[in-house]
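Colleague: According to TrEMBL, the protein carries these features:
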- 1-13: compositional bias 'Polar residues' (COMPBIAS)
- 1-20: region 'Disordered' (REGION)
- 73-93: transmembrane segment (TRANSMEM)
- 113-133: transmembrane segment (TRANSMEM)
- 140-158: transmembrane segment (TRANSMEM)
- 164-183: transmembrane segment (TRANSMEM)
- 204-222: transmembrane segment (TRANSMEM)
- 278-298: transmembrane segment (TRANSMEM)
- 348-375: transmembrane segment (TRANSMEM)
- 395-412: transmembrane segment (TRANSMEM)
- 419-438: transmembrane segment (TRANSMEM)
- 444-464: transmembrane segment (TRANSMEM)
- 476-496: transmembrane segment (TRANSMEM)
- 508-530: transmembrane segment (TRANSMEM)
- 575-596: region 'Disordered' (REGION)
């Protein structure tokens, strides 16, 4: 990968003084951090690494995302399918809540717990998957999650009470968290800095799954709220009381009647619903995805399919290069610590923190809007908005959500993640602002819902792709991102639900708009901190808008070495230095000079 140079560093005018004085025996150059360089080296007794000839330069080498896909198509399809399975699990619960309430003899207030339980267990599953990713093969853990959600789908129709349903959703939620964390982790680790289009495609699969799931279920649903027949209800009937014969007219009054619970009607509605068929279809689809994961594991065991570290194969990791020959890692923890802190501990912490906050906002905004646009359509006083249109609004949101993520796949191969995220945040904020201003307009509710679904769709994968431009995302950081995102997805709907009950349905729109404004400030903070990272500076992007084809590669004869890469043994105190080096010559020449 590098060209041999026979020129001694003492004759090179570009070489630092320390290297020009090697023949005086005062200084030895060695690589203190061999993981940063690709070079032929020889380990000396002092543990250092002799530098022979190393080159880091940039050239215009346009990335072929299509070639990356063809090289790893089975992995990409598998991860997209797994994430689509995750979307199916998220999308089925909303439209089936009435039928599940009839099936379990639970009113709507009790059924609200199933949403919370599923989301909380998704959070727990993400955390546990992050911890187990280094101890259990990721694909095996992914297979457990895929089989778990499939079996849960088959078991749900047999749940005749709320406790049994919650137990099944606890298991399903944990498996969903595993799928969420592992799919994100594997695709980011595979493609590294070039993950943008693939991450968008994977999250597009989530949107498609969340859209298809209600469409399949809706054909089998009764959609009858059994709450009045479970708890009983009251009705008011008009009553007229006539005056005495000496007076004319009558007095109007109402009589309140208490209707007791009617379990026989709940039983009849339960058997009128064809809900089990919907879950059997969804469970069958999930089982096919589990079979695909099992096939990947089988092919890997046979040695016919090997994970390709395309970030290194295609030169996509910027300054993270292949370790030198002979470099070994004794403990995985040390490796994680080194890679996590490659750009500096403070930068990694700040960038991870701002990315986590943005994911909390984005996933919370998405979950709140998706869960409560149906309620808003029912409870708001929008002129001409029928109650059945809540389902239409919900489908419109998820349809544009899936379309937005599909559009983001080719867009991510042309535009930078920073520019895409700026457009998404501003577009979402403007759409919510107009929806609030014209909240009584029937047409504007549809326009706002579709616009929010379109702009919010690619926010989460884009901010993860943006963070990858600044730091190297490892399993620990991925776990943090997924956990905080799941936390926002679980907590924000609870907050919105309380606001809607206490202050009215319009507070739902105000909450979403407030989150979108907060995202603008968090985005600005992430951009400012990220542009100071060494990984970003090393890549030297040419434009804020367009992706650059310039890649950092090891080639040629001139060398740029980071401060952490070169140190000196000398009579003076050890110090780090920025250096630009010319060709250093062969090891034999260096040895002769040092020996003098």
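Cβ coordinates are placed from backbone N, Cα and C, and glycine is handled just like the others.
Since this is a predicted model, take the numbers as computed values, not measurements.
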Colleague: The transmembrane segment (164-183) vs the transmembrane segment (73-93): three or more C-beta pairs under 8 Å (separation of 6 or more)?
Modeller: yes
Colleague: Please determine whether the transmembrane segment (444-464) and the transmembrane segment (73-93) are in contact (criterion: at least three Cβ-Cβ distances under 8 Å, sequence separation 6 or more).
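Modeller: No, the transmembrane segment (444-464) and the transmembrane segment (73-93) are not in contact.
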Colleague: Out of 113-133, 204-222, 476-496, which stretch touches the transmembrane segment (508-530) the most, going by CB pairs under 8 Å?
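Modeller: Going through each listed stretch, the top one turns out to be 476-496.
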Colleague: Do the transmembrane segment (140-158) and the transmembrane segment (278-298) share at least 3 Cβ pairs under 8 Å, sequence separation 6 or more?
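Modeller: Contact criterion met.
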Colleague: Below 8 Å between Cβ atoms, which of the listed ranges 204-222, 395-412, 476-496 makes the most pairs with the transmembrane segment (278-298)?
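Modeller: Between the stretches 204-222, 395-412, 476-496, 204-222 has the largest tally.
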Colleague: In the same chain, who gets a Cβ under 8 Å from the transmembrane segment (395-412) while lying at least 6 residues past its ends?
Modeller: 91, 196-197, 199-201, 203-204, 206-208, 210-211, 214-215, 366, 369-370, 373, 420, 446, 449-458, 461-462, 465
Colleague: Give residue numbers and ranges for long-range contacts of the transmembrane segment (419-438): same chain, 6 or more residues beyond its ends, CB-CB under 8 A.
Modeller: 365, 408, 411-412, 444-445, 447-449, 451-452, 454-456, 458-459, 462-463, 466, 506, 509-510, 512-513, 516-517, 519-520, 523, 544-545
